Amino acid sequence: MRAPSMDRAAVARVGAVASASVCALVAGVVLAQYIFTLKRKTGRKTKIIEMMPEFQKSSVRIKNPTRVEEIICGLIKGGAAKLQIITDFDMTLSRFSYKGKRCPTCHNIIDNCKLVTDECRKKLLQLKEKYYAIEVDPVLTVEEKYPYMVEWYTKSHGLLVQQALPKAKLKEIVAESDVMLKEGYENFFDKLQQHSIPVFIFSAGIGDVLEEVIRQAGVYHPNVKVVSNFMDFDETGVLKGFKGELIHVFNKHDGALRNTEYFNQLKDNSNIILLGDSQGDLRMADGVANVEHILKIGYLNDRVDELLEKYMDSYDIVLVQDESLEVANSILQKIL
C-alpha cells in the first residue's frame, strides 16, 4: 500500500525548516571561524574594546590596543571598590570649541567678563598669544617651557588683582560666559557619584571659577575634590591675590605630591582613570603610591599633526578633537 503523499504546504514547511537549519549551521560555522581567528590573533575569544562602538570612532587613536585591553580588563575586575578618577578640567572636562568657536578656560571666563577693563583684556590677550604658543610648541621640552608658564600665570594673575574683582560677582560672571562642559558630562559625574567613586579635579585654572561652573551645571557632588589656583579675597570680598603654591600646566607633578595625604586616604583605590589634555597632565597621579592599573586618556585639541605622535606615545587612548566624554562613560559602564 503506497503511503499518502504530503501536501504542498507540508512540503514547503519541511523545506523551510531544513533551509533555516542550514542557514543556522552556516552562521554558526562563520561565527566559530571568526572567534577562532580572533582567539588565534589575540589569545582570547573577543576583545572588549572591539565590541564597544565608542572605540570605533575615527577620533579614537590607540597605539597599543593589547595593552589598553589588559588595563580595561583590570579596571573591570577591580570594580567600583578599587576605582578613582584623576582629571584635568580646562579642555578636558570642558569643551575646547563649539560649532567652530573656541570655548573659554577658567582664566578666559574672567578675562572676557565685563568687569575687566578693555586695556587689561588687551594685555591678557597679548600674554596668551605669546605664552600659549610656547605651551603647545612640539619642539621645546617640558623643562624648557616651565619658566615661561610661571611668567605667564604670575603676570596674568597680577593683572587680575589690579581689577579688584568682587567675589560676589563670580556667580554672574560664570553664568554669562560661554563655558561648556563636554557632551555626556551629566552621565559621567552622576554615575561616579552614584557609586561613590572619588573624583580628583586637578586644574591649573582658577578654582573658584571651576567650582562655580560645575555647581551651576549641577554636578558638584560630594565625591568631587578640586585642587586649583584659588582666589584670595580681602575682608570686603575684593580679590587681593591667589592662595598657596601656583599650579600651572607643567608642575602638576609637584602638586600631586603635595596631595599625597588625600591619595593615602584612598589607598584601596589602586585603579585609576586619568583624563588630561597636555603632557603635564600625565603627572597628575604621581601622588598615588600603590597604582595597580592606570588608564591614561588624552584629549588632543590643537595642532594635531604636530602633536599626535607624542600624545600616542604617552597616553593609552588619544581622543582627537573630541568634545564628548563618550569613551570614558563607555568604560565606566563596563566597570560599574
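Glycine too: its Cβ is placed from the backbone N, Cα and C atoms.
The structure displayed is predicted, hence computed values, not measured ones.
Going through D268, D277, D286, D302 against Swiss-Prot, the one listed in the Mg(2+) site together with D88, D90 turns out to be D277. In the record from Swiss-Prot, residues S203, A204 bind substrate; the candidate from K145, K155, K252, K267 listed for the same site is K252. For the recorded positions S156, S203, S278, counting C-beta atoms within 10 A of each C-beta gives the highest total at S203. In the three-state DSSP reading, S203 (substrate binding site) counts as strand. Distance between Cα atoms for K252 (substrate binding site) and S278 (phosphoserine): 11 Å, as a whole number. For D277 (Mg(2+) binding site), the spatially nearest entry among the recorded positions D88, E135, S156, S203, A204 is D88, judged by CA separation.
Each residue in F89, M91, T92, L93, S94, S203, A204, G276, S278, D281, Y299 lies on the same chain as D88, D90, D277 and has a C-beta within 8 Å of the C-beta centroid of that Mg(2+) site, without being one of the site residues.
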